[in-house]
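Here's the structure we're looking at; comments come further down.
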Amino acid sequence: MINADTIAAPITPLVTSPVITLRISGSDALKVYSLMEKGGKSINISDIKSNYVSLYRFNIKKENLHDDVLAVFFKAPHSFTGEDVVEISFHGNPVLVNAALSAIYSLNIRPAEGGEFSKRAFLNGKIDLTQAESIQELIYAKSIEGINSAYNQLQGSLKYELDSIKNRLLKMKAVMEAKIDFPDEDTVDEELPVLKQDCENILSVTGCLISSYKSYRNANRGLEIVIAGKPNVGKSSLMNAFLKEERAIVSDTPGTTRDFIKESLYIGGIPVHLTDTAGIRLSDENIEQIGIGKSRQKIETADIVLLLLDVSIPLTEEDYNILEDTKNSNRIIIGNKLDITDNKSYDKADIYISAKTGINIDELLEILREKTSLYDNEIKSNAAAITERHHNILINIKEIIEKINLSLGIYPIDMLCIDLERAINLLSEITGDNYTEKVLDIVFSSFCIGK
Ligand SMILES: Nc1nc2c(c(=O)[nH]1)N(C=O)[C@@H](CNc1ccc(C(=O)N[C@@H](CCC(=O)O)C(=O)O)cc1)CN2
Ligand SMILES: Nc1nc2c(ncn2[C@@H]2O[C@H](COP(=O)(O)OP(=O)(O)OP(=O)(O)O)[C@@H](O)[C@H]2O)c(=O)[nH]1
Ligand SMILES: [Mg+2]
């Protein structure tokens, strides 16, 4: 265990609330009992049993303030951080708790930095880096699936998967090293297909983990859905129909929407960020052109494009241009204004609706639900790459293994061994088996105080 300062911070928001809890972690944590009494008597530290909650009176001498608190002691190494930990719950008055914190700081205990408790849990071997990151993900997850997936990583499923890849790489390395040490033995040709098979297996697992990132991200942070189409086809009307309120301005003047409008809703349990864009057309007007430029950008980065056509009138070149521009997007082609036409001007749409009267809006939502549930199902598999850090390192590993796979039998085995070593080190970087201060900074700097 590392020998470090004793630190303290609120682990609940420091705002007016029923209860505010402080956490103190480190070898001097028990000192805080000197600020408390029970039944009018000061507390003998040797009487404190770990893992038992007890009621005390907390005294802040300087301000002559008192509070009845619940406190619990976790004895090292059996605590969240692996150090001695005391948690104290006060009545939720921030002024009171700030005064209590000052009293605690006067005991040679200092304020904890953001993420410092989790960092200590990592440094003391309580959790690996993927588990530390999953705590952050768990807190911010925006869907049931996202929470589930983050919890799975907290339980160690990603760590487990990465460890198993690492073990396979280490075995491959042993085989290759034997080859280098005993080059005369003619087992090369026997080993080659086995090594290749190992590469294939590892590539398949890393491929799954890499694609799990996008699904996880979508389930957790949400899908970007963009409503696109030329002016006046009814994009803002469709936005309003989804939201069931008059959110976006609707008018029969083409070019009404200038800037994009974004709202979030849930479709089939997945958070969806819906954007209404400025209608795309050739325009000499500066402000409208800026809006149109933004629309094009939004379309390019969207997870799903809802391409709207006004099928009550003949399509124009502008419609055909947008159809062409979005042909590689994950799109739904929607024929709008079904209420005022019997004679649709386009017969290849995925669905026909009326944004104005609500015809087939539920059916459109059903199509969207099917599309979003695809993402939903993908993250049911347990291990997932949940941060951009995991994702980028895994891509790196996959490239290295691909290279090794192609080079086996062609390049000298000692060269491939060096690549293999790099892949193994990268895996250790994800879990934190090998870490640098820089990696720890990347992981823990986004954590809030108290985590
Ligand atoms: N009050 C409180 N609630 C909390 C936390 C906390 O730290 N304090 N947590 C923090 O984020 C989460 C729970 N996570 C925790 C994980 C491990 C240990 C812990 O003490 N582990 C010891 C003992 C295990 C045992 O008794 O079975 C250990 O691993 O050795 C505590 C909380 C959510 N709720
Ligand atoms: N009859 C009928 N009219 C509709 C329908 N949807 C939209 N409209 C009308 O079409 C006109 C344009 O609608 P908007 O929703 O503002 O169209 P938009 O695509 O957002 O237009 P811009 O913002 O200019 O790009 C308005 O007069 C709407 O009332 C529909 O399903 N049926
Ligand atoms: Mg509009």
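Just so it is clear, glycine is given a Cβ too, placed from its N, Cα and C backbone atoms.
All annotation found in TrEMBL is predicted automatically rather than curated by experts.
Summarising the annotation, TrEMBL assigns (6S)-5-formyl-5,6,7,8-tetrahydrofolate binding site to R23, E87, K126, K451. As annotated by TrEMBL, GTP binding site applies to 232-237, 251-257, 276-279. Sequence annotations record features per position, and here TrEMBL assigns Mg(2+) binding site to S236, T257.
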Cβ-based isolation winner (fewest other Cβ atoms within 10 Å) among the binding-site residues R23, K126, K235: K126
Contacting binding-site residues, sequence order - E87, P254, K451 vs ligand 2, Cβ under 6 Å: P254
Subset of binding-site residues (R23, E87, S236) lying within 10 A of A278 (GTP binding site), CA to CA, in sequence order: S236
Whole-number Å value for how far K451 ((6S)-5-formyl-5,6,7,8-tetrahydrofolate binding site) lies from N232 (GTP binding site) (Cα to Cα): 50
Cα-to-Cα gap, K451 ((6S)-5-formyl-5,6,7,8-tetrahydrofolate binding site) vs S236 (Mg(2+) binding site), nearest whole Å: 42
Sequence-ordered binding-site residues from K235, S236, P254, A278, K451 with Cβ under 6 Å of an atom of ligand 3: K235, S236
DSSP-derived structure type at R23 ((6S)-5-formyl-5,6,7,8-tetrahydrofolate binding site), helix or strand or else coil: strand
Helix, strand or coil at K126 ((6S)-5-formyl-5,6,7,8-tetrahydrofolate binding site) [DSSP, three-state]: coil
S236 (Mg(2+) binding site) to K126 ((6S)-5-formyl-5,6,7,8-tetrahydrofolate binding site) - Cα separation in whole Å: 51
Reduced DSSP assignment, E87 ((6S)-5-formyl-5,6,7,8-tetrahydrofolate binding site): strand
Fewest Cβ neighbours within 10 Å, where candidates are the binding-site residues N232, S236, S251, T257: S251
Rounded Cα separation (Å) that holds between K126 ((6S)-5-formyl-5,6,7,8-tetrahydrofolate binding site) and P254 (GTP binding site): 60
A278 (GTP binding site), number of other Cβ atoms within 10 Å: 28
Length of the line joining the Cα atoms of E87 ((6S)-5-formyl-5,6,7,8-tetrahydrofolate binding site) and P254 (GTP binding site), in Å: 61
Binding-site residues compared (E87, P254) - highest count of Cβ atoms within 10 Å: E87
Euclidean distance between Cα atoms of T257 (GTP binding site) and R23 ((6S)-5-formyl-5,6,7,8-tetrahydrofolate binding site), Å: 51
